[in-house]
Amino acid sequence: MFCRLGVHQFSPLSLILNTTKLARASTLSSACYPIQCTMVNSTNITNNTTIFDNHIHRRSANYEPPIWSFDYIQSLSSSQYKGETCTSRLNELEANVKEILLVEMKSNSLAQLEFIDALQGRLLSYRFETEINTILNEKYSINIFDNPNYNLYATALEFRLLRHHGYDVSQEIFNVFKDEITSKFKARTSGEDIIGVLALYEASFYGKKSESILEEARVSSIECLENYVAMETMTRNKPSLLVNDYDDDNNMLLLVNHALELPLYWRITRSEARWFIDLYEKNHNMNSTLLEFAKLDYNMVQSIYQEDLKHLSRWWSHTKLGEKMDFFRDRLMECFLWTVGIACEPEKSYYRRMSGRLYVLITTIDDIYDVYGTLEELELFTNAVERWDVKAMDDLPEYMRMPFFLLHNTINEMAFDVLGHQNFLNVKFLKRTWVDFCKHQLQEAKWFHSGYKPTFEEYINNAWISVSGPIILMDAYFSLTNPVTKDAINLLELGYPPIIYHASMILRLTDDLGTSNDEMKRGDIPKSIQCYMNDTGVSEDEARDHMKFLISELWKEINNEDENMDSPFSKQFLQNCKNLARISQFIYQYGDGHASQDSLSKQRISELPSIINHI
């Protein structure tokens, strides 16, 4: 057992082990989670690697080669969206949109809110942060919820926008929409009412722990929306509707289906921007200025992404690692996609270029532990990372030397950059995340080689670290926060704060939901779904539903951080943590979007995040 000193010694899994323990989570909100590794009796650990004639028989996951070649990535061009002409037109459109927001919409409160929502949905709000905050602060201060003309739609929309921007709005405002006799939300199924129900559904996902009204709103709105979809689908006899099938009647059904698939709050903004722009263009009431502005901004930002990707691709090609190690997942494009999900702002190029390297190394080293390495080799690699000395390479098998050397150099280079910009040496924090990652990966390797089946608690205590969430978020903090604060550093000295734990746990559970079947087929250790099934005797579908329920509860814990006035972390970092949860749900929504190279994976990368295709 290895734990941080000075931290309460409890299992961080009390909130997710079963539904009866969820209420205990609130008592842990101010603590940091110690790093725990559930140890198996050493007498049960054996090395199942078989050696014949001095040749080690290794496992293979038979990963497919990458879809996206080096030459293809380097050929990407967005030259038509660079230069003074585009910049000048963008500035002109920005001024026009600002006038619409501040002048034309000023007298119509609801229209102004809808326009702000449109800016957020099309990933344009970052250009109007000051103006949006001024408008929302004014609306919050005058309590416009008292407006008798506010219906469910207007109330839910304003509630969502205010909560999204950190305002403490009471859930009590929705009580007026409950039935006076039953105290339940009134049933609404007409086309006009369904707009309000959809708005209530989206607002409910901003709920925090113990906010029962918002939980009731979620349950009620889901039931109502599902009934609406069933009735509309039966009436129209159209089992599925695509964006290309757009007309006024189909628009609401399309929006409802999209929302039920995954709420807006849980989606990554880049993919949603493309989806909404495509839909908005077909809207007969669309604003042509906003549409042109959204398209041009989108394509210009995409050109920045492509340069970042090409930079990362050249680094990867220079390492020659993809040529020398054929047993692991060569997934440069997918690794880059994670960085866009964490920080999509155009000015965050440094993060995408440097942290993309970390995602490549995480994937490579994960495959060494999961697939290729023997137990003895993995222990050597773990010890080398803990020593953090290039001389440790002498003790490693040849195939491990280059990954270790790349890791050592990359972390030290990133630490050097932080030292130069902030006069703070963070290498010990970055190193610690990698030591923890490797030790927890080693524990899973020991389980595999011994044939041990962990309990759900044993597995999840280990797996929220082995999934690499702490690596990703510790790096994001130091790469994207300037300046780092003394209070934050003091907290990080103790261990991983709740926001890192909760986001990492969502990453773990979404990963398992998307990948566990494939991993079980190749003989990996049981994942969260299988461990829960073994512990409780439930079916796979029931276990999957439980994991989805836990994800929902973890999101509530994340939402609590928005009102934690004692948090030393910036809103930017809290947003990065939320974005890790969002990009993980995007990647694993339809299976293993990180490892798989099927047509669906290719489509989601090329069309949704639109690193490849312009609008």
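Cβ coordinates are placed from backbone N, Cα and C, and glycine is handled just like the others.
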Check: Out of 341-345, 356-360, 371-375, 611-615, which range is noted as motif 'DDXXD motif' by Swiss-Prot?
Finding: 371-375
Note to self: Let's check the environment of LEU375 ((2E)-geranyl diphosphate binding site): how many other CB atoms sit within 10 Å of its CB?
What the structure shows: 18
Checklist line | Per-state residue totals over the motif 'DDXXD motif' (371-375) - DSSP helix, strand, coil | finding: 3 helix, 0 strand, 2 coil
Note to self: Sequence gap of 6 or more, Cβ distance under 8 Å: name the residues on the same chain that satisfy this around ASP524 (Mg(2+) 3 binding site), in order along the sequence.
What the structure shows: ASP370, PHE448
Notebook entry, point to check: Out of VAL371, LEU513, which has the highest number of nearby Cβ atoms, where nearby means within 10 Å of its Cβ, if these are the binding-site residues?
Noted result: LEU513
Check: In the predicted model, what is the mean pLDDT computed over the motif 'DDXXD motif' (371-375)?
Finding: 93
Next item on the list: Could you check what DSSP calls GLU334 ((2E)-geranyl diphosphate binding site) once collapsed to helix, strand or coil?
Entry: helix
